[in-house]
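Remarks on the structure that follows.
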Amino acid sequence: MEVCYQLPVLALDRAVPKHVLSRRGAISLTSSSCLFGGRSPRQLSKRRGAISYDSIDQTALYIRMLDVRLGNFRSEIRGSTSHLCVDFRSLHSGESEDHASNRKQRSKLSLQMYLQCSRSFHGTLTFRHLHLLDQVYYGQAKCMLQRVGTWNFDIFLFDRLTNGESLVCLTLELFCKYGLIELFGLDPLRLHSFLVRIQEGYRSRNPYHNSLHAADVTQAMYCYLQEPKLSESLTSWDILLALLAAATHDLEHPGVNQNFLLKNDHFLASLYQKNSVLENHHWKSALSHLRESGLLSHLPIEDRHRMEERLGSLILATDISRQNEFLSRFKAHLDRKDLNMSSPEHRQFILQMALKCADICNPCRPNSLSTCWSHCVTKEFFQQGDVERAHRHDVSPLCDRHSNSVAIIQKSFISYVVEPLFVQWARFCDTPLSHCMLGYMKQNKKYWSNAGQEDLMDNAQTTCCKVLPRGT
């Protein structure tokens, strides 16, 4: 009688303990019958394997077995739980023990990569047990998502740990946290397909307006949704729209501003009649992906149309040219103290302001993160200026690398755009998060002011060196 021994599934979502990171380690497989489940597994003790980890990669586990073939791996569904089974029948072959013991190790299998690539673990599980994110991230990335609601969340690190899939992974996690999939009866596979479409719709060559920026804005929006005034009053529709708007608010951004499109008579400027050109394009692109994916096709048509209009209202609010319009209205509401969160119109307006804050919140992040974003956006500005100069056009403000610097741009941006908005937001949400953001903003403003003074001194010294004759 042939016996198939089962190897239990190992938890791969935890980092290797720190006290063993200084060396390689291994856990040898023994001949314990309780481990293998066989009646007489003594022969297995002569064919031991090992599960080892490397100090370089804290989340990688490698299974090394003698005379175990990849083809012997299979998935077994028992109830609603997936078990990884290894067929050890090849170990009971008639080969001589001496020949088997002298055989070189033939397989070095990364169980983590095998699980990621194998299709046999999908399809028959219910969504309650189908962890879509497990196909993309392990270990540290999963641990990071446990702190996705903290303001110092490092989106750059998370993007590296998810191999550039930060927008898909983060948005899926937030949908699961709020239970939106069950509430709206969303198809998990259609949702994943839609998010992949959105992520691919962002141009990776853009230094700033790419999928990483969208993921950062989505994470910031989640932080704002946790604020008491919002969490106690927002409906499930509000939350769904807020997350969708954050993820799609810069979809298919060309990497240049509206002024560039207008000057060059771009077809988008004509299509949207020179009115919020980029924002209208982001909105329409989001709608096309929503309809093509069929994510909400099961909902009544009236609800879909209402949702699409509200989505457009949120995305269009991110037009920076309308900053004063929204800020004046926000300030007027706060002065009159007439914001009523039970009113759908007022909730929509607060979501607009929250998305505007999330869109330009980089100067309110910790300096290590804020500085990275500052260099990214400045690089994109200067790339546009280089194109304009090459085509003998007037270089747009802030896009001339010869007359601007990161410090100059950031200091002005914080003083005239970011600070007025976040001061009013702090009036609306007088919470520790608001005070934290204002504190980081002041630190970054001081940082760029000092950096700007150093730039001026360097420029002055360079000018003097050019003017003064040699030897003076």
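Using the three backbone atoms N, Cα and C, a Cβ is placed for every residue, glycine included.
Here the structure is a predicted model, which means the values were calculated and not measured.
Database features (TrEMBL):
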- 133-455: domain 'PDEase' (DOMAIN)
- His209, Asn210, Ser211, Leu212, His213, Asp250, Asp359, Gln410: AMP binding site (BINDING)
- His209: active site, proton donor (ACT_SITE)
- His213, His249, Asp250, Asp359: Zn(2+) 1 binding site (BINDING)
- Asp250: Zn(2+) 2 binding site (BINDING)
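Features as recorded by TrEMBL, highlighted on the structure.
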residue : record                : Cβ contacts under 8 Å, 6 or more apart
His209  : AMP binding site      : Tyr202, Arg203, Asp250, His253, Gly255, Glu380
Asn210  : AMP binding site      : Tyr202, Arg203, Ser204, His253
Ser211  : AMP binding site      : Gly164, Ser166, Leu167, Ile198, Gln199, Tyr202, Ser204
Leu212  : AMP binding site      : Ile155, Phe156, Asp159, Ser166, Leu167
His213  : AMP binding site      : Tyr202, Asp250, Cys376
His249  : Zn(2+) 1 binding site : Ala214, Val217, His282, Leu314, Ile315, Thr318, Leu355, Asp359
Gln410  : AMP binding site      : Pro363, Ser374, Thr378, Asn444, Trp448
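Between the binding-site residues Asp250, Asp359, Asp250 has the most other Cβ atoms inside 10 Å of its own Cβ, all protein chains included. Per-residue pLDDT, averaged over the domain 'PDEase' (133-455), rounds to 95. Listed in sequence order, the residues His209, Ala214, Val217, Ala246, His253, Thr318 complete the 8 Å Cβ shell around the Zn(2+) 1 site centroid, once His213, His249, Asp250, Asp359 themselves are left out.
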